[in-house]
Amino acid sequence: MAKYFGTDGIRGEVANSTITVEFTQKLGNAVGSLINQKNYPKFVIVGQDTRSSGGFLKFALVSGLNAAGIDVLDLGVVPTPVVAFMTVKHRAAAGFVITASHNKFTDNGIKLFSSNGFKLDDALEEEVEDMIDGDFIYQPQFKFGSYKILANAIDEYIESIYSRFAKFVNYKGKVVVDCAHGAASHNFEALLDKFGINYVSIASNPDGLNINVGCGATCVSNIKKAVKEQKADLGISLDGDADRIIIVDENGQEIDGDGILNILAQYSDICGGTNGIVGTQMTNMSYENHYRANKIPFIRSKVGDRYVLEDLVKYGYKIGGESSGHVINLNFGTTGDGLFTAIQLLAIFSQADKPVSEFKLQGELMQQTLINVPLTKKVAREDLQKVASDVNDVEKRLGNRGRVLLRPSGTEPVLRVMVEADDKSLATNEAEYLVEKVKQKLV
């Protein structure tokens, strides 16, 4: 089990967890030293979201990198996918983002990309962790790294998207966008302006403390309300670092990451093409059944966009994502990208010329009940054997009417209990039964 890294980088409450100035400096120094060992380019890219702690954590990271002799290019406040994009474009050894994504402002963290724009694999994360626990290393002969700021860093990313989709996007509807007071603030607006979109922007005034507060992709009620008030045709909601996207149709009804994947699958020619879709263990069974009925290959990965990416590469597919709104298109990028996904959707809606609600999967989705059970410590997968017989009992009762998923959180001591069934009360009753068993045997 990893010591510092979770399923999406390193994350925690600032000053009261791993996320301290001291640790962040050591992380920068460890990665810098590893870059030297492997003879990678002595150059990295950094960015951040809008949290009040982002500045001092970034400079702690930079000091550790500079001490190891690594040059740093600072993009400032930009969405996470922009850092991945620029890391590849500028041939940097690595890319860092100071962000805690959809978490509250008191949390922060570090996402780390390798030179190919992918998140680090488990083996490389272990190497970094070993280096963190070693000595702090100064580059000999005072050959320390430099620090530079790149103004208007978003421009290269916007131009890349525009050159690919200008011929497809001609959307005439009214759009409301929720930037979660995060990294998409002003950046997403610049992208929409480039395409001439008629939009109203909400939650786009970050003050360092309001990121994700009552807004963004994890608080969809905000965009639903705004779409109705504005009589808009579409709502687009991003999270704090803009790697997630949830949309809302003209009736204020949510379309989550699974629904977005289904839209992209129907119009994959506009999105560069794909010979299959990767979802996750959380993907609603209704979508899996729909893909099979339409002869679209479908694979379930573990939850986490890094695992979606691994299976995209493994099976040679191009499009995948999660219910939570991480959507990856390998025809363009290497990580979940809310801004690029939004433009893909606007291209599709422009070409198809029908209401957004008509793109949704027809019929009722399977009903899901998800309960997060707090634990006293992180649970390992082998610990789940203690409730294996209880899970088996529920699966027998469900038969072919549903399924069960128990999943430890990758970032906190929580076990997620999910039951899916064709009836909501059945799903809820069986989920509550399993929660009681978990509390008896694991808490």
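Backbone N, Cα and C atoms are what each Cβ position is placed from, and that goes for glycine too.
Going by Swiss-Prot, these are the annotated features:
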type: BINDING; residues: SER101, ASP239, ASP241, ASP243; note: Mg(2+) binding site
type: ACT_SITE; residues: SER101; note: active site, phosphoserine intermediate
type: MOD_RES; residues: SER101; note: phosphoserine
Discussion item. Taking 8 Å from the centroid of the Cβ atoms of SER101, ASP239, ASP241, ASP243 as the cut-off, which other residues in that chain fall inside it around the Mg(2+) site?
Written reply: ASP49, PRO79, THR80, THR99, HIS102, GLY182, ALA183, ALA217, LEU238, GLY240, ALA242, ARG244, GLY336, GLY338
Worksheet item: Under a criterion of Cβ-Cβ distance under 8 Å and sequence separation of at least 6, what residues of the same chain contact SER101 (Mg(2+) binding site)?
Response: ASP8, ARG11, THR80, GLY109, LYS111, ASP239, GLY240, ASP241, ASP243, ARG244
Worksheet item: How many other Cβ atoms are found within 10 Å of the Cβ atom of ASP239 (Mg(2+) binding site), counting all protein chains shown?
Response: 34
Fill in: binding-site residues compared (ASP241, ASP243) - the one with the fewest other Cβ atoms within 10 Å
ASP243
